[in-house]
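K.L.:
What follows is a single structure, and I will ask about it in a moment.
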Amino acid sequence: MTAQPFDKPLTLAGREYQSRLLIGTGKYKDLEETRVAIEASGAEIVTVAVRRTNIGQNPNEPNLLDVISPDKYTILPNTAGCFDAVEAVRTCRLARELLDGHDLVKLEVLADQKTLFPNVVETLKAAEELIKDGFKVMVYTSDDPIIARQLAQMGCVAVMPLAGLIGSGLGICNPYNLQIILEEATVPVLVDAGVGTASDAAIAMELGCEAVLMNSAIAHAQHPVLMAEAMKHAIIAGRQAFLAGRMPRKLYAQASSPLDGLIR
Amino acid sequence: MQITLNGQAHTLPAALSIAELLAQLGLTGKRVAVERNQEIVPRSAHASTVLAEGDHVEVVHAIGGG
């Protein structure tokens, strides 16, 4: 008996995915390492950033989307580096043009460089504008349950609270807030940011997240490809543990072996 | 003719179309998106959109990001 039949695929914006791990493509040594790590992770959705083309530099250098083909992966363009709603909306429109009308985006509007904490006021503004313009918005936000609720009510296709600050690797800093967000979730809730190692990803899944999005935990591991594979297993293990339902915690021991028939 | 291309002053020999500008930059057929004066120029309109003096043009592509 395997646990698989008990689970359903992850559904995002009407599309089904077998993998519940979404990974970023930043901070790798080179495009080859990016490609191999993504493959090892089993991810089907990968995030990319949108930036100015370097004018005058070698136009024949390999392009990320040649390596990470949109035919094979769902490309999730992000608005990383945007600090207000106007910039974020502009970036999404460019991304949609870049990806031939593909309208799934990861919205993140940041508040400051030191924390990269989401600016929720601008995030709400941008989400509203993008949804009106036909985008399917997966939104990076704080672990504030009220804001998460508002973003879901507004029509975001997924709400993605941080587990810890972007790139911090601190793990799930406030599992209780996540629990509240998950308890009343009406759209998929994904942990985005903060995961440092495999156990963090497993904890996020055990809490009941639909999926986890990460970048640094893999790209900045000593061996990114090995960590990518570890994350794949952690996500599966965490999901299965969530579905299985953990035993209750008890203060005192309870013997696993029967006490009857002991030799005296 | 002067335009601003990706935030830098850029001189064009004549009033080029977006398609001609991309060709001049060696970007024909590359996966890029173009914005002119903060409006998206769809790929289907690259050939018919002619740049004017003082235009602000952005040419973007996808790079690694989280």
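Yeah, the Cβs are placed from backbone N, Cα and C, and that goes for glycine too.
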K.L.:
Based on TrEMBL, name the residue from A:Gly167, A:Gly238, A:Gly245 that is recorded for the same 1-deoxy-D-xylulose 5-phosphate site as A:Ala193, A:Gly194, A:Asn215, A:Ser216.
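P.N.:
Answer per TrEMBL: A:Gly167.
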K.L.:
Could you check the binding-site residues A:Asn215, A:Ser216 and say which one's CB has the most other CB atoms within 10 Å?
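P.N.:
Of the binding-site residues A:Asn215, A:Ser216, the most buried by Cβ count within 10 Å is A:Asn215.
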K.L.:
Determine the minimum-neighbour residue: among A:Gly167, A:Gly194, listed as binding-site residues, which Cβ has the fewest other Cβ atoms within 10 angstroms?
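P.N.:
Fewest other Cβ atoms within 10 Å, among the binding-site residues A:Gly167, A:Gly194, is found for A:Gly167.
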K.L.:
Counting across all protein chains shown, how many other Cβ atoms sit within 10 Å of the Cβ of A:Lys106 (active site, schiff-base intermediate with DXP)?
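P.N.:
Counting Cβ neighbours of A:Lys106 (active site, schiff-base intermediate with DXP) within 10 Å gives 28.
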K.L.:
Rounded to the nearest angstrom, how far is the Cα of A:Lys106 (active site, schiff-base intermediate with DXP) from the Cα of A:Ala193 (1-deoxy-D-xylulose 5-phosphate binding site)?
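P.N.:
That separation, Cα to Cα, works out to 13 Å.
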K.L.:
Limited to the domain 'Thiazole synthase ThiG' (A:12-258), I'd like the whole-number average of pLDDT.
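P.N.:
Across the residues of the domain 'Thiazole synthase ThiG' (A:12-258) the model's pLDDT averages 95 on the 0 to 100 scale.
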K.L.:
Between A:Gly194 (1-deoxy-D-xylulose 5-phosphate binding site) and A:Lys106 (active site, schiff-base intermediate with DXP), how far is it from one CA atom to the other, in Å?
P.N.:
16
K.L.:
Around the Cβ of A:Ala193 (1-deoxy-D-xylulose 5-phosphate binding site), how many other Cβ atoms lie within 10 Å? Please give the count over every shown protein chain.
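P.N.:
So the Cβ neighbour count for A:Ala193 (1-deoxy-D-xylulose 5-phosphate binding site) comes to 28.
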